[in-house]
(Lines of atoms letter the chains of each structure in order from A and count residues from 1; the text may use other names and numbers.)
(Lines give C-alpha, C1' and ligand atoms only; values in the text may rest on other atoms or scores of the structure.)
Protein backbone atom coordinates (compact mmCIF):
# COMPACT_ATOMS: atom_id res chain seq x y z
CA UNK A 1 0.00 0.00 0.00
CA UNK A 2 1.28 3.47 -0.83
CA UNK A 3 0.27 6.90 0.43
CA UNK A 4 -2.85 8.58 -0.94
CA UNK A 5 -0.86 11.80 -1.53
CA UNK A 6 -0.93 13.11 -5.07
CA UNK A 7 1.98 12.44 -7.36
CA UNK A 8 3.82 15.49 -8.68
CA UNK A 9 5.48 16.74 -11.84
CA UNK A 10 8.47 14.61 -10.81
CA UNK A 11 6.48 11.44 -11.55
CA UNK A 12 5.09 8.51 -9.61
CA UNK A 13 2.03 7.47 -11.62
CA UNK A 14 4.02 4.76 -13.41
CA UNK A 15 4.07 2.64 -10.21
CA UNK A 16 0.70 3.73 -8.81
CA UNK A 17 -2.26 1.43 -9.31
CA UNK A 18 -4.64 3.57 -7.31
CA UNK A 19 -3.29 3.58 -3.76
CA UNK A 20 -1.32 0.39 -4.41
CA UNK A 21 2.33 0.44 -5.41
CA UNK A 22 3.11 -1.94 -8.26
CA UNK A 23 6.24 -2.79 -10.19
CA UNK A 24 6.86 -0.54 -13.16
CA UNK A 25 5.67 -2.44 -16.20
CA UNK A 26 2.76 -4.14 -14.43
CA UNK A 27 0.40 -1.18 -14.21
CA UNK A 28 -0.71 -1.26 -17.84
CA UNK A 29 -1.93 -4.84 -17.61
CA UNK A 30 -3.89 -4.09 -14.45
CA UNK A 31 -5.48 -0.99 -15.99
CA UNK A 32 -6.36 -2.94 -19.14
CA UNK A 33 -8.26 -5.45 -17.04
CA UNK A 34 -10.27 -2.65 -15.42
CA UNK A 35 -11.38 -1.30 -18.78
CA UNK A 36 -12.18 -4.73 -20.22
CA UNK A 37 -14.59 -5.07 -17.28
CA UNK A 38 -16.27 -1.67 -17.62
CA UNK A 39 -16.15 -1.07 -21.41
CA UNK A 40 -19.85 -1.61 -22.11
CA UNK A 41 -20.85 0.58 -19.18
CA UNK A 42 -18.04 3.13 -19.41
CA UNK A 43 -20.20 6.18 -20.11
CA UNK A 44 -22.60 5.19 -17.32
CA UNK A 45 -19.54 4.94 -15.08
CA UNK A 46 -18.56 8.50 -16.01
CA UNK A 47 -22.10 9.62 -15.19
CA UNK A 48 -21.73 8.07 -11.73
CA UNK A 49 -18.24 9.47 -11.13
CA UNK A 50 -19.14 13.01 -12.22
CA UNK A 51 -22.86 13.11 -11.38
CA UNK A 52 -23.44 13.53 -15.12
CA UNK A 53 -21.24 16.61 -15.38
CA UNK A 54 -18.71 14.90 -17.68
CA UNK A 55 -21.11 15.57 -20.57
CA UNK A 56 -21.01 19.32 -19.97
CA UNK A 57 -17.23 19.27 -19.47
CA UNK A 58 -16.71 17.38 -22.75
CA UNK A 59 -18.94 19.86 -24.57
CA UNK A 60 -16.83 22.69 -23.12
CA UNK A 61 -13.67 20.90 -24.26
CA UNK A 62 -14.96 20.64 -27.83
CA UNK A 63 -16.03 24.30 -27.76
CA UNK A 64 -12.51 25.24 -26.65
CA UNK A 65 -11.07 23.18 -29.51
CA UNK A 66 -13.44 24.74 -32.06
CA UNK A 67 -12.53 22.22 -34.77
CA UNK A 68 -12.21 23.53 -38.29
CA UNK A 69 -14.99 22.63 -40.69
CA UNK A 70 -12.48 21.21 -43.12
CA UNK A 71 -11.88 17.66 -44.45
CA UNK A 72 -8.12 18.17 -44.03
CA UNK A 73 -8.46 18.83 -40.27
CA UNK A 74 -7.13 15.80 -38.38
CA UNK A 75 -7.66 15.05 -34.69
CA UNK A 76 -6.10 12.31 -32.59
CA UNK A 77 -8.34 11.38 -29.66
CA UNK A 78 -6.32 9.24 -27.25
CA UNK A 79 -7.86 6.83 -24.73
CA UNK A 80 -11.11 7.62 -26.51
CA UNK A 81 -12.24 4.09 -27.28
CA UNK A 82 -16.01 4.52 -26.88
CA UNK A 83 -15.94 7.54 -29.20
CA UNK A 84 -17.74 9.89 -26.84
CA UNK A 85 -15.38 12.83 -27.44
CA UNK A 86 -14.60 12.06 -31.08
CA UNK A 87 -18.30 12.01 -31.99
CA UNK A 88 -18.72 15.46 -30.46
CA UNK A 89 -15.72 16.80 -32.38
CA UNK A 90 -16.95 15.43 -35.72
CA UNK A 91 -20.42 16.88 -35.19
CA UNK A 92 -18.89 20.26 -34.26
CA UNK A 93 -17.01 20.22 -37.57
CA UNK A 94 -20.28 19.67 -39.47
CA UNK A 95 -19.09 16.11 -40.11
CA UNK A 96 -16.17 17.37 -42.19
CA UNK A 97 -13.11 16.74 -39.99
CA UNK A 98 -11.49 13.34 -39.45
CA UNK A 99 -10.72 11.85 -36.03
CA UNK A 100 -8.43 8.95 -35.23
CA UNK A 101 -9.60 7.28 -32.03
CA UNK A 102 -6.71 5.52 -30.31
CA UNK A 103 -7.05 3.22 -27.33
CA UNK A 104 -4.90 0.45 -25.90
CA UNK A 105 -8.03 -1.51 -24.97
CA UNK A 106 -9.78 -3.49 -27.69
CA UNK A 107 -13.00 -3.83 -25.69
CA UNK A 108 -13.37 -0.06 -25.51
CA UNK A 109 -12.68 0.31 -29.24
CA UNK A 110 -15.29 -2.32 -30.08
CA UNK A 111 -17.91 -0.24 -28.28
CA UNK A 112 -16.82 2.88 -30.16
CA UNK A 113 -16.86 1.25 -33.58
CA UNK A 114 -20.36 -0.11 -33.01
CA UNK A 115 -21.61 3.31 -31.91
CA UNK A 116 -19.94 5.05 -34.85
CA UNK A 117 -21.74 2.76 -37.27
CA UNK A 118 -25.09 3.47 -35.61
CA UNK A 119 -24.43 7.22 -35.81
CA UNK A 120 -23.31 6.91 -39.45
CA UNK A 121 -19.96 8.49 -38.57
CA UNK A 122 -17.67 5.66 -39.64
CA UNK A 123 -16.37 7.58 -42.68
CA UNK A 124 -15.09 10.33 -40.38
CA UNK A 125 -13.38 8.02 -37.92
CA UNK A 126 -10.48 5.60 -37.76
CA UNK A 127 -10.10 3.32 -34.72
CA UNK A 128 -6.59 2.26 -33.76
CA UNK A 129 -5.53 -0.11 -30.97
CA UNK A 130 -2.18 1.19 -29.73
CA UNK A 131 -0.26 2.56 -26.76
CA UNK A 132 -0.24 6.31 -26.02
CA UNK A 133 3.43 5.93 -25.08
CA UNK A 134 4.31 4.60 -28.56
CA UNK A 135 2.05 6.26 -31.12
CA UNK A 136 2.12 4.52 -34.52
CA UNK A 137 2.12 7.77 -36.49
CA UNK A 138 4.69 9.93 -38.20
CA UNK A 139 5.73 13.25 -36.69
CA UNK A 140 3.69 16.34 -37.56
CA UNK A 141 0.54 14.42 -38.53
CA UNK A 142 -2.32 15.90 -36.49
CA UNK A 143 -3.86 19.35 -36.01
CA UNK A 144 -5.15 18.50 -32.53
CA UNK A 145 -4.59 15.90 -29.82
CA UNK A 146 -7.37 15.34 -27.28
CA UNK A 147 -7.68 13.04 -24.29
CA UNK A 148 -10.56 13.02 -21.81
CA UNK A 149 -10.31 11.18 -18.48
CA UNK A 150 -7.61 8.90 -19.86
CA UNK A 151 -4.19 10.43 -19.26
CA UNK A 152 -4.14 9.39 -15.59
CA UNK A 153 -4.37 5.74 -16.66
CA UNK A 154 -1.20 5.96 -18.76
CA UNK A 155 1.75 4.63 -16.73
CA UNK A 156 4.40 6.99 -18.12
CA UNK A 157 2.53 10.25 -18.58
CA UNK A 158 5.69 12.17 -19.43
CA UNK A 159 6.37 9.81 -22.34
CA UNK A 160 2.78 10.11 -23.59
CA UNK A 161 3.01 13.92 -23.54
CA UNK A 162 6.25 13.85 -25.54
CA UNK A 163 4.58 11.56 -28.06
CA UNK A 164 1.66 14.01 -28.27
CA UNK A 165 4.11 16.79 -29.05
CA UNK A 166 5.85 14.68 -31.69
CA UNK A 167 2.74 13.79 -33.70
CA UNK A 168 1.20 17.27 -33.63
CA UNK A 169 1.81 19.64 -36.51
CA UNK A 170 3.49 22.95 -35.81
CA UNK A 171 0.66 25.14 -34.56
CA UNK A 172 -1.22 22.07 -33.31
CA UNK A 173 -3.08 22.02 -30.01
CA UNK A 174 -3.16 19.65 -27.05
CA UNK A 175 -6.31 19.50 -24.90
CA UNK A 176 -6.45 17.26 -21.82
CA UNK A 177 -9.62 16.96 -19.75
CA UNK A 178 -9.05 15.16 -16.46
CA UNK A 179 -10.37 14.89 -12.92
CA UNK A 180 -8.22 17.15 -10.77
CA UNK A 181 -7.81 18.76 -7.35
CA UNK A 182 -10.90 20.41 -5.91
CA UNK A 183 -10.09 23.98 -4.85
CA UNK A 184 -13.19 24.74 -2.73
CA UNK A 185 -12.94 23.76 0.98
CA UNK A 186 -16.48 22.44 1.46
CA UNK A 187 -16.78 20.90 -1.99
CA UNK A 188 -13.60 18.87 -1.56
CA UNK A 189 -15.00 17.11 1.52
CA UNK A 190 -18.33 16.43 -0.17
CA UNK A 191 -16.62 15.12 -3.29
CA UNK A 192 -14.28 12.88 -1.27
CA UNK A 193 -17.24 11.40 0.60
CA UNK A 194 -19.05 10.78 -2.68
CA UNK A 195 -15.96 9.34 -4.38
CA UNK A 196 -14.71 6.94 -1.75
CA UNK A 197 -18.02 5.84 -0.26
CA UNK A 198 -20.72 6.10 -2.91
CA UNK A 199 -18.99 5.53 -6.25
CA UNK A 200 -17.60 2.01 -5.58
CA UNK A 201 -20.99 0.95 -4.24
CA UNK A 202 -22.83 2.36 -7.26
CA UNK A 203 -20.29 0.57 -9.44
CA UNK A 204 -21.04 -2.69 -7.69
CA UNK A 205 -24.78 -2.15 -8.18
CA UNK A 206 -24.33 -1.41 -11.90
CA UNK A 207 -21.72 -4.04 -12.78
CA UNK A 208 -21.58 -6.40 -9.81
CA UNK A 209 -17.94 -5.45 -9.22
CA UNK A 210 -16.74 -2.56 -7.03
CA UNK A 211 -13.00 -3.07 -7.63
CA UNK A 212 -12.67 -1.22 -10.98
CA UNK A 213 -14.44 1.78 -9.52
CA UNK A 214 -12.25 1.73 -6.43
CA UNK A 215 -9.18 1.92 -8.67
CA UNK A 216 -10.65 4.74 -10.76
CA UNK A 217 -11.49 6.81 -7.68
CA UNK A 218 -8.04 6.25 -6.19
CA UNK A 219 -6.35 7.10 -9.50
CA UNK A 220 -8.09 10.48 -9.48
CA UNK A 221 -6.63 11.23 -6.05
CA UNK A 222 -3.13 10.18 -7.15
CA UNK A 223 -3.07 12.26 -10.35
CA UNK A 224 -0.93 15.44 -10.21
CA UNK A 225 -2.77 18.65 -9.38
CA UNK A 226 -3.41 21.37 -11.95
CA UNK A 227 -0.11 23.21 -11.54
CA UNK A 228 2.01 20.06 -11.50
CA UNK A 229 0.31 18.70 -14.60
CA UNK A 230 0.78 22.04 -16.37
CA UNK A 231 4.49 21.77 -15.54
CA UNK A 232 4.60 18.30 -17.10
CA UNK A 233 3.00 19.64 -20.29
CA UNK A 234 5.58 22.44 -20.50
CA UNK A 235 8.40 19.96 -19.90
CA UNK A 236 7.18 17.95 -22.90
CA UNK A 237 7.79 21.02 -25.07
CA UNK A 238 4.40 22.72 -25.23
CA UNK A 239 3.95 26.49 -25.17
CA UNK A 240 1.18 28.78 -23.92
CA UNK A 241 0.10 26.15 -21.37
CA UNK A 242 -3.05 27.07 -19.46
CA UNK A 243 -5.81 25.31 -17.57
CA UNK A 244 -9.44 25.98 -16.74
CA UNK A 245 -11.13 24.48 -13.69
CA UNK A 246 -14.62 23.04 -14.04
CA UNK A 247 -17.01 22.71 -11.10
CA UNK A 248 -14.59 23.94 -8.46
CA UNK A 249 -11.67 21.91 -9.77
CA UNK A 250 -13.38 18.51 -9.81
CA UNK A 251 -12.13 18.49 -13.39
CA UNK A 252 -9.71 20.70 -15.29
CA UNK A 253 -9.07 21.31 -18.97
CA UNK A 254 -5.37 21.79 -19.79
CA UNK A 255 -4.33 23.36 -23.07
CA UNK A 256 -0.95 23.59 -24.78
CA UNK A 257 0.38 24.46 -28.23
CA UNK A 258 3.19 23.14 -30.40
CA UNK A 259 4.72 26.38 -31.66
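In case you wondered, yes, glycine gets a Cβ from its N, Cα and C as well.
According to Swiss-Prot, the residue from 82, 141, 146 that belongs to the S-adenosyl-L-methionine site alongside 103, 131, 132 is 82. In the three-state DSSP scheme, residue 103 (S-adenosyl-L-methionine binding site) falls into the strand class. Taking Cβ-Cβ distances under 8 Å and a sequence gap of 6 or more within the same chain, the neighbours of residue 132 (S-adenosyl-L-methionine binding site) are 78, 79, 102, 104, 147, 150, 151, 154, 160, 163. In the structure as shown, the Cβ atom of residue 82 (S-adenosyl-L-methionine binding site) sits within 10 Å of 27 other Cβ atoms.
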